[in-house]
């Protein structure tokens, strides 16, 4: 009986709990914080290898589009006439729209415009919207845009659709690599990046073959419609599955859940202090609908200005990072050559060596060399111990040797000698794909990784393969010698190797790992060593562990 009398009733417990919460409103905030501080659990569909596979397929479809539009079957050739007045009809996009070489090269670069504009936007939105959902948005735009390319009635229509293809790619390019780096085993991070970036040459090469076959047997328009069908399931996937979170970013859902409560509380305090009364009350808190709308609008403007200011600050951090800048400069020169190779390679091979099936031959070489070269670069760097300094050593050495091999190949008159040296050169050059992106990811803090990847992408395109294709066309139109034009282009690889050689001597720190070891979370629960009884199942050790982010 004594024990019964000393035990409070359920009603008394509830009243006591309510009184404690009312008397100490900060406890409510702490309790809410404890529910949002935990890292989100992985979705049931998720495994790291499954995620890598999905991203690899999507990346391959992205670059399949690059090879498709560059293939002779889709790109085609313009109408030509000989001295006797006998004309041969054109084929493909160039023939149907009667394009010059400059217009043809411009069309290949049009999709870059959308990519360049959208990449920084998606990287900035990743701080306020779930990155996985942003990828879904991008892939949906890609699907619609490629379908529009197939239905294009004119040059300008397909040019606009190509720009939208770039918008679709932007979200995936800037956000996929950080997801892979987050989930890869620590000892195989560069190897996983290598597998992902292996899909670039492989996708382009399959695009050559795919575009050539479809363009020859059906019509170039069907090639783009096929791309749209291939991407559609992944666009849907980005919206229907439970999304993942990037490390270095707090849960977007938690932010959305807590922001309205905090906003209403702040507005209530302000209105009570100024004794504002309105004709319409919301929730009995004394907030007028008009005041709430005005406050909401002012908060939206304030948030936009904050994001703009944060973007500017983040850009300053990237621009003063010597390691990042040198790495991107080398990447720009490297991509300048590869971009022109990818677009003009089949035509150059056809005109210099009179290849009968230039699409198939260049596609086959690029597939084999792209797969083995890219994967080899990743595994070699992991074997060397994946550090920024070792990455620069591998980048400069492989690129310089690859440049010599490719230059020597185009100097030869014999087709078979050219094929051997060119294959060796491509093996060495593709070994740079994983290390260069490893440096981009690890020379900056985790919260800057999406922006670092986005700005790297913007730079290599706006100064690299965007101008290289039309400039190659202009030079070729002027000197009318495919061998000389190609040798001039290939020599730029030496400049890329030079930039990366400078990077060897720069002091470098893996900031991704460094921040994970030293950064203090802004969550108010960080300073708490224990939780009150009944506030959850976590003990002190688990609370401390929740503040630690796994190594990048």
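Just so it is clear, glycine is given a Cβ too, placed from its N, Cα and C backbone atoms.
All annotation found in TrEMBL is predicted automatically rather than curated by experts.
Per TrEMBL, region 'Disordered' is recorded for 1-39, 516-552. TrEMBL lists 17-28 with the feature compositional bias 'Low complexity'. Taken from TrEMBL, the feature compositional bias 'Polar residues' covers 29-39. Marked as domain 'Major facilitator superfamily (MFS) profile' by TrEMBL: 51-510. The transmembrane segment annotation in TrEMBL covers 106-125, 191-210, 222-241, 323-344, 360-380, 392-410, 416-439, 487-506.
Long-range contacts of the transmembrane segment (360-380) within the same chain, counting only residues at least 6 positions beyond its ends with a Cβ under 8 Å from a Cβ of the stretch, are 67, 190-195, 197-198, 200-202, 204-209, 212, 345-346, 349, 394, 398, 419, 422-423, 426-435. By the Cβ criterion (distance under 8 Å, sequence gap of 6 or more), the transmembrane segment (487-506) is counted as touching the transmembrane segment (323-344), at least 3 such pairs being found. Sequence-remote contacts of a segment are chain residues at least 6 beyond its ends whose Cβ falls under 8 Å from one of its Cβ atoms, and for the transmembrane segment (392-410) they are 327, 330, 334, 352, 377, 380-381, 384, 417-422, 424-429, 431-432, 435-436, 439, 483, 486-487, 490-491, 493-494, 496-498, 500-501, 503-504, 506, 508.
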